[in-house]
Structures are given as structure tokens and as C-alpha cells.
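As recorded in Swiss-Prot, the features of this protein are as follows:
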BINDING   G101, E102, S103, G104, A105, G106, K107, T108  ATP binding site
COMPBIAS  551-560  compositional bias 'Basic and acidic residues'
DOMAIN    716-745  domain 'IQ 2'
REGION    539-562  region 'Disordered'
Amino acid sequence: MIPKTKAEGVPDFVLLNQITENAFIENLTMRHKSDNIYTYIGDVVISTNPFKNLNIYKESDIKAYNGRYKYEMPPHIYALANDAYRSMRQSQENQCVIISGESGAGKTEASKKIMQFLTFVSSNQSPNGERISKMLLDSNPLLEAFGNAKTLRNDNSSRFGKYMEMQFNAVGSPIGGKITNYLLEKSRVVGRTQGERSFHIFYQMLKGLSQSKLNELGLTPNAPAYEYLKKSGCFDVSTIDDSGEFKIIVKAMETLGLKESDQNSIWRILAAILHIGNITFAEAAEQRTGTTTVKVSDTKSLAAAASCLKTDQQSLSIALCYRSISTGVGKRCSVISVPMDCNQAAYSRDALAKALYERLFNWLVSKINTIINCTTEKGPVIGILDIYGFEVFQNNSFEQLNINFCNEKLQQLFIELTLKSEQEEYVREGIEWKNIEYFNNKPICELIEKKPIGLISLLDEACLIAKSTDQTFLDSICKQFEKNPHLQSYVVSKDRSIGDTCFRLKHYAGDVTYDVRGFLDKNKDTLFGDLISSMQSSSDPLVQGLFPPTRPEDSKKRPETAGSQFRNAMNALITTLLACSPHYVRCIKSNDNKQAGVIDEDRVRHQVRYLGLLENVRVRRAGFAGRIEYTRFYNRYKMLCKKTWPSFNGTAKQATELILQQHNIDKEEIRMGKTKVFIRNPTTLFYFEEKRELEMPRIVTLIQKTWRGYRARSKWNQRKAAIKIQLFYRSYRYKKWFRELHRAFKDVARDPQWGKQVFWPKHPSILDRAVQLTHKIHNCWRAEKMILSLGAGQNHMRQKVMAYDIFHGKKKWDFRRHFDADYLEKPSNPNQQKYVLAMQNLFSTYGDTEVLFADYVIKVNPKGVPQRRGIVVTGTNIYKHDPKNYKVKKWGTPLVDVTSISISPMADTFLVLHCKAPQRDFVLDLGCNGYEAVSEITTVIVQQVLKLTGVKLSVQFTSSITYNNARPKGSDTILTFAPINNDPKLIGSQFKKGKGNQATIQFKD
């Protein structure tokens, strides 16, 4: 933080060798000329406007300041923003940044830089953070377009006050925000000082909208064509690209979720305001009554305004030229229409334009708040106050009084928190202190706002009296404050520099003369009911919404004046700021000509004086950078001392002393008050924070370990208890259900249908699996009973039905032949006895219990040679026998390993059984015995596999079959079928090995 050269000055005014005004100005000048526009007074940032772009706001600069302490880096507004963000995260308390200074000092830019920093460092804390940050940032250009204007002192002057709050969650990610606006200078819409502009949005709209859209709104891009814009004679500003800014605004509207219909309504309202400004009036004689009335002389502008507002042209014309007045009360109440003169009509026209713009601006702020507001979570906020600076013009009116009153309130807050309250706290805590004098502006604030005798109260009183004028109001304040040293007038002081319609206030920033002409009208802020009714009849939902119906209970109330509204808003703002931990930015305007690199010492000196910066330096230098309550200090830093960690039985003050002693803090560096410890140098606070940050990971690990152990033990015990309870409960429910089931199926064994019509009792969901198993057991038992009850004829019929289902329409089969199953057990088999003995041996060896099919077949071996074999299909396996001795060839093939069956649709007698590896496929000829047996073995295998697995085998009928009855992979054989009717030697079907992997079945068709 120490400057590189003496020419750069000291980075903190507290470090000056001499605390004098000249030394202060000299240091400020040196730093400004070396482009070091930021300087500290302790925690306060002093910012001078360089009137040029500086390369100190890059993303790399934000990263450099993020998470660093002030003393580690050169002075910067990012350092203050980082302090606010860190304080918010550490304490979970609301923070606010109060930016003050006169118009053109750089307050708006300062607020944008703070927002830029906060959104960047916080948006990566959660997925939603970046979206919220972008919406908060995009609200800035939108509000600037509608709320800022070019003035003589500032090309981008805020003509409204704004307090923007960013809300964060516990981890520091933005979750929402809120914008509160104060006193929009709506009079700027209809008039302003020569050389100034109206609000930016009018010029941006005219240059940014397409020609077709302008034509639709009845507009021309030529700004001087509109009375409201040409009055001041300023249309373009060299530092503002109106066309480019308009594109940014439209993009911001889209980001914030403003629908296209809303955008179109906004352009129509703005266009209507410009058309309203072009409406002129002329007097006309009323022949019937002989009186003079007023009428709209420019009907073209009237029609354009009515079209944009989507309201009736005639009703708008009447509302501008006539005023409805209620007479009498109750049943005698009547409404009469009173014509206005040209001046009154012009006043009514301007009032409508101002009301439209102000209500549109308030709607826009409300719309943004609806979009960015967070209602689901609560968390600390960081508020940024960007409000108009102190203003002194050649002609100062009601608006300047309110603006300067606002600055007086903020100066009073600064004095209360940094000068007055700080010194009072030292005395209250028993700290030795030499009092430092400062200018207290409290009497001026009371002069303006005090009730019942204050400028605002007297102005409200004048507005209540029908015959009051601006002059009678001036007379009343001159009389009331005749002896008040802070208010002067020509009547009281005979000072000829004060006009006879003016009074002068001695503000903290200097004397300002106010002209009372227009004070009453501006305070009343009257908009006649006829115009409100005309707007309420609009078919545009937005225009209607800007003028909501008056509630019956509100219609009897006297409307609050503009002055009272602003006073109440200011008091509410001060209450909000007092509830936050403040951070200050004091902006100084380097010169009035907006020249880069130039510093006007006289102008700067004046600002330094009225801002009380020198007194701030003296208090800061003589005082203490930090003060913390003993309890809070102990709770935050107790882990830094063995004697206070993890708990301490003494007082918080004693614990604080022990912590300071262990770290050898110099006695001159601290003072022990009655309830707080005072620390002189901020580096001491930073030292404790750094030590705490180093210690926290160890403590967090310890807490996590302890908590995880406790949680794991608790969960384990809970789980054991839960399992035990579940077991007992399930056992109870299962037993109860089984008792009900037993009663339901009591006589099921004697039931002819074995319980088919019995209703199963309802069961709880926890028994789903058990009930499924019980159902399965019952179904198996019932199926067994049904099968055992079937006669041989019934089973044979079932097989025929299945065979029909498989073969019908796909291959000819002998449906008349009886399925005898075991053909080898018949007496016709010459080796019957050998077969029977072989089957007995097979059953005892392999555990099979029944034969479903047995017959002689021709089996094709892996070499492609047909061999005569006996094939036996049992309840679980397929066996191959040598027909000579009936020995099992190799091993049996499980039926569940059969994956599909392939058969040709022709007249041959072959079939292929496809099996899972490592089993080989079977290629069988079942026609060697003189009868068709393909249908029987196919039906038997399909039926038994369905019984074993619940899956019906796929039977494919195809004229080309690929099979593999050899071990190696890739040794597939393609089998085709060829009918041959001219070979007398061919009997039945024959297998012919072809070349390569080809083979053919020859048969007589």
C-alpha cells in the first residue's frame, strides 16, 4: 500500500505528516495527477473523478482484490467492496455502501464498479448466482436510460435516487435483490435549463427504433420536432452513443424478462408523451353562452397521442380543456364541467406528461423488483446508495430543495456515525479522548423537516389554504424563521442579491438561493381526475395499470404532498441505513469543465471543507480503527488462545485480555473500555482474522469428525432398532395374514377346482415378496393337482392342440397319428429289454424320472456323416444312445439349453435343435422309421421347456438353416433343402455334405 514514489502521495490521509488543509489538498492533487484516484481515510474511500477511462477495472483487477485485506493492495473501490462482502459473509449482517458527493463527482460510476465487483466474486458460488448477477447488472443501464440525463455539470447525471440491495445466501451467492427509488425529477420531462437534455431514453428511442416502428408510433427521428425536447436546445452528447445504448437497453429488457408486449407499451407511452408536448391550445368563443373556452388547436398531435395511449381522442381532448368539479354533498352532490383557460390547459397537459413518465418509471422499478426479488430464502444484504449529489444552479426550485435536503440527511448520518457518535463512544467507554470540533448540520435538517414548524410542514399548510400563493408561502417562512441564522430572505436581511421571490439556506455545502415560484404547484402535484379517467379507459393494459382505480377509503383522504412523501422516504432510508454496517465512498469533482488530468484546487478545497474530510482524518488518526464488544471478540477469537478454548469460566473481558496477552499485542495498540476492546491499527484486526482463518480448518475437521462419529453411531443404533421393529412387525403381520389365508383355504384339498375361486385376503405392502412366493407355491401345487387329475386322452389332446398351433399353415404334419411318446419301449423294438435296462440305469445315474419321447433317428455328426442313433427326451434332458447297446453317447443336453428349433416348410423330415454354447446343435432326421415324428418331438420339447422356464421356444420355418454342431467357433454350416422327384433310389430325406460349409437335404416332394 506504500506508494512507489513521493510524487504519488500517501495512500491514506491518516499517514500525512501534517494534518492541514493544504497538506490534504496537495496529497489529493498528487494522487489525482498520477491517476491514483482512490485514497483512504481509514475505512473511508475518497474518490476523485478523472473524467477519463482508467485501465484499473479489468477482470484481473477484481481477482487481485478479491479476498485480500485493504493494507495488502493499493487503495481502490474494489477493496471497499471486498470489505463489505467479507463482513457480510463473516457476520451474516446487513452491509451498506453510502456514496456521496456533488453532481458530477462520479457517484453513479462508483456504484456500478461496486456492483461489478460483487456480482463477479459472488456469482460462482451457486448455479443460480450467475443468472441473478446478470439481471442485477442489466437493471443498471435500464434505470440509467429512464432516470439519468445530461445536465450542465454531468453528462450522465442521476435525476433520481436509488438504493439497490443485493441479497445473499449463507455461502455468499446472490439470491435476489431490491431497488428503491427516490424523487424522480419528472419536471425534466416538460422543461429544463438551456443546454441540458431530457431523460436519455427519449433520444435513444428516436435513434434506436426502426423507421417502420417510428412510423407506427407517428414519430420522426428528428428530436427538435418535439417541444418537450427542443426547449433546452441540446440534442446530442459527445460522450453518449444514443443508438448503441438503445440496443443495450433492449437486450437488458429481454434479460430481465420483459415481454415484447410490455416493450411495445413502453415505446407507445414514451411516444405519447412527445406527442402530448406538441399539443397546443387556442381560445374560442362559445356562441351559446357568450363565454370564452379553450380548445386543442393541434388535433394531429392529439390524435397521435390518443392513438399511442389507445384511448378515445375526444375524451382526451375534453379532459385537457375541461375540469370536472363536485358541488354539494350526499344526495345533493352534482358534478359540473368547468372550462379552463390556455394556461390551465397547458398546465394540465404537462401534468399528464409528467404523471405518465413518473408512473412508467415506478412501474419499471416495480417490474424489475418482481423479477429479481427472492421470496423463498432469507439472507443478509449489501445495499448501495447512489443518490443525486448536492446541486446549486442559477435558478434553484422545489426539486433542488429536496435534493439538497437529501444530501443534508446523508451528511448528518455520516457525522453521526463517523464523528459525533465515535467521539461520544470514547467518552462513554471511559477512553481518554480530546474532543475534535466539526460542523454539525442538524439545525439545517430540522429547519427543513421539523414538525409542525419546518419548511416542508409550512409548505403543506400553504397547500391546504385555497387562497395561498407562492408569495404568501415565502412571507410565512420569512416570518417564522426571521431569527434563524440558517435562512435569509430579502425581507429579513435586505440583501439585494436575494430576489423578492427567493429565500437562501446555509447548507453544509454552501449557500443556495431558492426561487419559490412553482413551489405550491409542485408540492401539490395535481393531476385532475378527468385525465385519470381518460387513461383508465385505455385499452392498453399497461396504461390502465399505471392509473389504478381509487379505493373508496382512499378517496376521502387528502393526498400526501410531494414534499411530505420525500421527507418520509428519506427518514425510512436513514432507518434502513442505520440497521446496516456502513462503508463510505466520498466522491470529489476535480473540476467543473470535465477535463481529464485537471484539478481545480479551489473547487476541491470547497468540497473537502463541506464534506468534513479533514475532521474525519483527525478523528481517525487520534481514534481507533476497530472496536469490538468483549463477548463478540471472545466468541470470534477464543480458538487462538489455549486458556480460552474451547470454553472459559471467567468474564468475556478477562478472556479478551488473555487472548491479547498470548499474542503479545502492544499495550499502546489497544484500550480496554467498559464493554468493548478498542484497537488502534487495522493491521491488528487483520492479524487476528488471518490467525483465525489458519485455525478454522483444524477446528472444522475436529467438529466434522466428532459430528460424523456421533451421527454414524446414532444412525447405526437407529438402524438396528428399526430392523428389529421391522422384523417383529413383519412377523406379526405375516402370521396374521397366514392365519387369514389358512381360514380361507381350509377345505381347498376337497375343492374340485383346488382354490381357483377362493379370494386371497388383503395383505400389507411389506409382505409383497412373501405373498408372491406363497402364490407361486400354491399355483405349483394346483398345477400338479390338475395334471395328476388329467387322463391320458386329455394330455394327448393338449399336445395335439399345441402341435396345431405350431405347424398349421407352415408345414404339413400327420395330425391323425397318435403321439405314443416312448416308441423304443414297444414290443416291436427287437432290443426292448436292453432299452428298458438302459433307462433304469440312466434314471438311477442322472436322476431323470420320466420319458417324454424316445425313438430312432438319423443324427448328423460334426463331420457331416449321418449316423443312426436313439434319441430320448426326458423331463429335463436330451440323451443320444448307441442303438446296439443303448449306452449314453457322451452326456445329456439340458432342455433349458435349447434356444430355438428350425424346421423347413417343405416335405422333408429334418429338424435342427439350436443350443447354448458349449452344447452343440442337433441335426436330426425323424423320418427313418416310416412315419412323421417331427411334429411330436417339436411339441414335446416346446411344452416341456415352457413348463421348466415359463418361456415358449421359438420355432422357425425357413428354407435355409444355419447351425453349428462342431466345437470351434466360426464352423457354421448352411443347410438348404432340394426336392428331387426323379431319383428312384431316394427314400425319405437324405443329408448331402457339400463344398465348404454347405449342406443339402434331398427329399421327394
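Yeah, the Cβs are placed from backbone N, Cα and C, and that goes for glycine too.
Sequence features annotated in Swiss-Prot and their locations in the structure.
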| residue | record | Cβ neighbours (10 Å) |
| --- | --- | --- |
| G101 | ATP binding site | 24 |
| E102 | ATP binding site | 24 |
| S103 | ATP binding site | 21 |
| G104 | ATP binding site | 24 |
| A105 | ATP binding site | 25 |
| G106 | ATP binding site | 24 |
| K107 | ATP binding site | 26 |
| T108 | ATP binding site | 24 |
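The average pLDDT computed for the domain 'IQ 2' (716-745) is 87. Neighbouring residues of the recorded ATP site, listed in sequence order and excluding G101, E102, S103, G104, A105, G106, K107, T108, comprise N49, N154, G389, C587, K589 (Cβ within 8 Å of the Cβ centroid). Taken through DSSP, the domain 'IQ 2' (716-745) splits into 29 helix, 0 strand, 1 coil.
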